């Protein structure tokens with residue numbers, strides 16, 4: 001069966017990314033490191049695989065050049081990146097937001113059709129308290145994200161990671177409800 005135009009380069013990039021992840025894990029294990037070697041290279045490698053400079057990524061993503069440089073050089077800042085910022089960068093790099101998180105052990109989530117944190121939580125049959133116990137995120141914070149008191153787009157990437165693992169979903173699903181509320185307010 002013939003491949004669609006553009007599918008072969010996409011698959012080659014995907015294979016290269018997976019091969020590099022395995023190489024990082026092997027090098028890190030051999031060196032006896034704590035994972036920092038792989039963490040420092042993650043965002044930069046994704047950018048270089050797309051053949052982009054920092055300036056080009058800044059232009060495509062709308063994220064400031066200095067912030068991108070900070071994210072590349074300090075993996076701790078990536079954990080605290082806002083989810084909407086991670087989405088902008090991931091879109092420009094043609095990858096999933098899960099690939100930006102520096103922890104190799106993060107298995108990521110499974111995409112689901114529901115939209116918004118509340119709907120996903122309810123579909124999975126959890127109360128806010130149960131979700132809080134599973135993730136270590138205080139129950140009031142979960143409530144604030146669900147009610148819109150705190151914007152899900154401002155959620156830290158590490159918080160989104162913990163919620164998406166517990167709920168087995170893609171963290172970008174949390175944004176859909178917030179954008180729907182925003183669009184509704186704009187139409188009134």
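Numbers run from 1 along the shown chain.
Note that Cβ sites are derived from N, Cα and C of the backbone, with glycine treated the same way.
Any TrEMBL annotation is an automated prediction that lacks curation.
A quick note: this is a predicted structure, and the numbers were derived from the prediction, not measured.
Taken from TrEMBL as is:
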{"type": "DOMAIN", "residues": "43-100", "note": "domain 'HTH cro/C1-type'"}
{"type": "DOMAIN", "residues": "117-174", "note": "domain 'HTH cro/C1-type'"}
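Note on the domain 'HTH cro/C1-type' (43-100): its mean pLDDT in the predicted model is 87. Secondary structure of the domain 'HTH cro/C1-type' (117-174), assigned with DSSP and counted as helix (H, G, I), strand (E, B) and coil, comes to 41 helix, 1 strand, 16 coil. Residue counts for the domain 'HTH cro/C1-type' (43-100) under DSSP, split into helix (H, G, I), strand (E, B) and coil, are 44 helix, 1 strand, 13 coil.
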